[in-house]
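Right, I'll just put the structure down here and ask away after.
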Amino acid sequence: MSNAKSYKDTVNLPQTDFDMRANASKREPEIQKFWQDEQIYEKLAQNNPKELFILHDGPPYANGSLHIGHALNKILKDIINKYKLLQGYKVRYVPGWDCHGLPIELKVLQSLKSSEKEGLTPVKLRQKAHDFALQTQKEQCEGFKRYGVWGDWENPYLTLQPEYEAAQIAVFGKMALKGYIYRGLKPVHWSPSSQTALAEAELEYPEGHTSRSVYVAFPITSVSTPVLRPFLPNLSVAIWTTTPWTLPGNLAVALNPELNYSVVETSESNYLIVATDLVEKLADTFNRTLTIKATVKGLELEHTKYRHPLFDRESAILIGGDYVTTDSGTGLVHTAPGHGQEDYIVGQRYGLPILSPVDDKGNFTAEAGQFAGLNVLKDANEAIILALTEKGALLKEEAYQHKYPYDWRTKKPTIFRATEQWFASVEGFRELALEAIDSVRWIPATGKNRITSMVSERSDWCISRQRSWGVPIPVFYDEETNEPLLTEETINHVQAIFGVKGSNAWWELSVEELLPPSYRNNGRSYRKGMDTMDVWFDSGSSWNAVANARPELSYPADMYLEGSDQHRGWFQSSLLTSVAANGIAPYKTVLTHGFVLDEQGRKMSKSLGNVIDPNVIINGGKDQKKEPAYGVDVIRLWVSSVDYTNDVNIGQNILKQLVDIRNKIRNTARFLLGSLNDFDPVKDAVAYEDLPEIDRYMLHRISEVFTEVTAAFESFQFFRFFQTVQNFCVVDLSNFYIDIAKDRLYISDPNSFRRRSCQTVYAIALENLAKAIAPVLSHLAEDIWQFLPYKTPYLSVFESGWLNIDPAWNNRELADKWAKFRQLRTEVNKVMETARNDKAIGASLEAKVLLYVPDESLQQELELFNNCDSLTGNKVDELRYLFLSSQVELVSDISAIQTAEYKGESDFVSVGIVKAEGEKCDRCWNYSTQVGKFADDPTICERCNAALKGEF
């Protein structure tokens with residue numbers, strides 16, 4: 001056969017310059033440059049036909065490098081924005097940064113030499129903090145752009161911008177004028193390590209905090225009920241506390257009026273008052289017998305007096321709230337109005353003074369008597385416990401592990417301490433806030449319960465901070481009376497100054513310049529307050545400074561999207577300020593995501609060595625073999641693959657799987673591109689009604705798949721998109737349609753109906769695949785679009801709009817029929833595989849398939865698909881092509897199957913595999929009895945002979 005012709009050049013093999021390898025670290029930046037040069041985002045944001053869609057960015061903190069949590073957050077936002085752009089909305093995304101606050105101030109202070117710290121004025125410190133925040137913002141901005149995130153990067157919002165600070169003062173002013181801002185001496189979370197008040201959102205509760213808890217006896221001096229009189233003078237009330245250092249601030253004991261309390265004998269003629277329900281438990285704790293001598297209702301004990309064991313003062317037993325329970329302790333609660341929220345409320349009700357003998361550093365003041373100078377978090381507990389022991393008042397000391405608030409930045413414990421602070425009176429607008437929560441769509445729905453309970457139960461919001469790097473509270477104090485001056489006129493004047501000069505003006509200008517003219521010579525002398533605002537008030541004002549201020553945006557925003565910790569952070573501060581100022585929520589929809597953990601579900605930490613750096617995923621690590629450069633599309637694909645409503649996992653194994661999936665999608669697209677290299681939809685497309693049945697079935701699948709993809713994006717369930725697209729590329733395209741269609745594409749005449757009909761479906765599948773993956777695999781989608789071998793009216797995939805699905809493609813009847821055919825194919829493949837494994841056949845084309853189908857209607861359907869003459873009919877809808885075999889025979893008797901060496905059966909078909917009849921065709925590799933019958937081409941079959949003449 002040495003003279004045999006070569007038919008290699010007559011076969012239509014796929015041709016494309018689209019690279020098999022992603023080469024993402026090089027290709028992605030090229031695509032990003034194309035987007036930037038062509039202003040794709042800007043044009044769509046301006047020219048799209050539908051209304052505005054505003055996802056308002058929660059500002060990341062301008063401190064430190066980007067981590068995988070940033071990537072999750074920003075990419076989720078970008079997926080939604082790009083989907084909305086493809087849907088035709090005018091999407092305007094303004095990225096923001098949170099630039100004030102303690103963490104930046106601490107970073108700056110840590111970076112200074114001791115010589116630089118001397119003479120460091122607030123103005124100099126603020127300048128350094130400003131420069132640090134801007135530098136970090138620039139670095140983070142470049143990182144976000146490399147993630148492929150689209151937005152107005154040239155005009156971001158920064159909370160340190162003068163116009164932002166002025167808008168923040170406007171929010172504060174509106175709240176103040178409505179009576180929602182007040183100054184008060186109240187217990188707040190105080191951080192001795194940072195020497196400032198903290199908001200709830202600035203606290204964390206690490207595992208494993210252990211306190212020295214004590215049970216203490218306070219001797220009773222006078223009784224409110226005669227039932228107690230017989231036990232005097234040896235009667236005491238027992239309390240329990242996990243913070244012995246707060247005992248110098250004790251001014252009451254609180255009880256629950258509904259509970260029963262008993263007098264118990266502890267030893268001969270010594271008695272304690274405790275909750276009746278706890279007697280047994282306390283007997284174990286004290287390791288002694290407690291005998292009940294009398295029992296009274298809590299209400300009857302009100303106004304019973306006791307003497308403080310360490311200070312010469314009398315206090316009373318008072319009625320507390322439902323926080324007094326029998327879950328722990330004694331059922332009677334030590335109450336220090338200067339050291340606790342509930343204590344403060346009880347104290348206010350009974351007119352108690354607010355005693356808080358602790359200074360900014362956490363040291364006892366002279367009011368603490370013998371304990372003055374001791375630090376409450378270090379040596380005070382030991383000294384107080386010793387003093388209680390000496391007085392015979394200590395009943396028991398034991399270690400107690402519980403959740404305790406720490407400063408989120410210094411990682412050191414905080415205390416409750418009463419100080420003069422500025423507050424937002426949440427009580428004044430709580431009901432309005434709860435109504436506003438009801439008007440919002442929460443995703444997942446559990447977010448609504450979370451923020452509702454937080455807002456329902458929260459205390460007033462302490463908004464003042466004793467630090468330099470922030471927006472000052474625009475208040476003046478009368479030098480003589482210390483009365484605060486806060487009027488519409490003073491607020492507006494400061495706001496106008498900040499709008500031009502920024503908040504630095506507060507430190508740089510004199511009081512006279514900061515005051516409006518009418519207050520400059522009114523016979524009073526003023527000083528300016530030096531407190532700054534809580535940074536949550538900064539970011540919580542962004543709805544006014546950005547969404548409401550920029551003409552291209554809108555308020556309320558369509559969506560806020562952040563981590564689930566923001567229910568107590570930005571979601572809440574934004575809600576409270578917007579409701580207080582305007583009576584409405586600042587957002588219509590709130591979507592929350594969980595935190596990123598490693599593959600074992602552990603938090604990431606340097607000590608565990610399990611930190612996944614997005615930069616390393618994109619560009620590769622030092623050792624590129626161990627940590628190859630995957631590009632950002634792999635991170636974006638990961639974001640779409642996880643159920644973000646819970647905490648999510650990432651690690652090397654997960655990334656490798658995602659790279660495989662990205663490559664499968666890429667290679668599927670590459671094959672489709674190559675197969676369309678000579679196709680022009682305008683000239684060559686086949687009308688739907690003329691398509692072979694398998695092609696119409698494939699369009700039905702395309703319609704099903706992409707309808708599901710749209711539903712996934714609409715409901716923000718991106719994991720459904722991920723699963724659907726992955727399944728479509730592998731199961732529907734690669735393993736089924738592409739597999740079957742190769743014969744049509746390769747060996748038919750280039751212009752034949754048989755080939756053009758298939759290319760018609762390929763083009764539809766490819767264009768819709770590119771559009772569907774564009775919100776997620778943005779770079780791959782654009783790469784595909786740029787390599788389309790035919791012209792489209794669209795420069796970018798993002799200009800082409802969302803999926804193009806014709807309702808006519810949906811054909812349930814056809815789908816049911818082909819579902820059976822695909823099942824049949826699976827059964828045939830099982831038997832083929834056995835024959836292949838036994839080396840009885842090599843390729844499936846070496847086989848002839850025997851089918852016995854007992855169901856008559858199915859048998860009839862199959863007969864229509866088993867044309868004995870391959871040159872008649874539509875030359876596509878045939879069983880031999882479905883099974884990739886050379887021949888198929890429908891047998892009327894199962895015995896024909898039973899004699900076959902390779903066979904199998906299911907509940908609806910029996911399959912036999914035998915050797916194909918005839919010779920192998922040199923061109924298409926099918927076996928045919930016609931090979932050798934054509935004088936000019938003796939080594940090819942009748943199909944190839946016809947194809948070379950342009951007839952097949």
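Backbone N, Cα and C define each Cβ position, glycine as well.
These numbers come from a predicted model, not from an experiment.
Quick paste of what Swiss-Prot says about this protein:
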type    : residues                       : note
BINDING : Glu562                         : L-isoleucyl-5'-AMP binding site
BINDING : Lys606                         : ATP binding site
BINDING : Cys921, Cys924, Cys941, Cys944 : Zn(2+) binding site
MOTIF   : 60-70                          : motif ''HIGH' region'
MOTIF   : 603-607                        : motif ''KMSKS' region'
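Mind running through what each feature is packed against?
Counted within 10 Å of its Cβ, the other Cβ atoms near Glu562 (L-isoleucyl-5'-AMP binding site) come to 21, all protein chains included.
In the three-state DSSP assignment, the secondary structure recorded for Lys606 (ATP binding site) is coil. Around Lys606 (ATP binding site), a 10 Å sphere centred on its CB holds 7 further CB atoms from the protein chains shown.
According to its DSSP assignment, Cys921 (Zn(2+) binding site) is coil.
Long-range Cβ contacts of the motif ''HIGH' region' (60-70) within its own chain (Cβ-Cβ under 8 Å, at least 6 residues beyond either end) map to 97-99, 101, 103-104, 107, 132-134, 136-137, 139-140, 143-144, 158, 563, 595-596, 604, 611-615, 635, 650.
As a whole-number mean, the pLDDT of the motif ''KMSKS' region' (603-607) in this prediction is 88.
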Would you count the other CB atoms within 10 A of the CB of Cys944 (Zn(2+) binding site), including those on all shown protein chains?
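27, counting other Cβ atoms within 10 Å of Cys944 (Zn(2+) binding site).
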A 10 Å Cβ contact count, applied to the binding-site residues Cys921, Cys924, Cys941: which residue has the minimum?
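Result for the binding-site residues Cys921, Cys924, Cys941: minimum number of other Cβ atoms within 10 Å at Cys924.
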Sequence order is fine: just name those binding-site residues in Cys921, Cys941, Cys944 with a Cα within 10 angstroms of Lys606 (ATP binding site).
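Those near Lys606 (ATP binding site) - Cα within 10 Å - do not exist; the answer is none.
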Could you break down the residues of the motif ''HIGH' region' (60-70) into DSSP helix, strand and coil, giving a count for each?
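Summed by class, the stretch gives 3 helix, 1 strand, 7 coil.
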Closest of the binding-site residues to Glu562 (L-isoleucyl-5'-AMP binding site), Cα to Cα, picking from Cys921, Cys924, Cys941, Cys944?
Cys924
Where does Cys941 (Zn(2+) binding site) sit in DSSP terms: helix, strand, or coil?
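Coil, per DSSP.
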Any idea what DSSP makes of Glu562 (L-isoleucyl-5'-AMP binding site), helix, strand or coil?
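Going by the DSSP assignment, Glu562 (L-isoleucyl-5'-AMP binding site) falls within a strand, counted as strand.
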Can you list the residues of the same chain, besides Cys921, Cys924, Cys941, Cys944, whose Cβ falls within 8 Å of the Zn(2+) site's Cβ centroid?
Ile747, Asp922, Arg923, Trp925, Asn926, Ser928, Val931, Ile940, Glu942, Arg943, Asn945
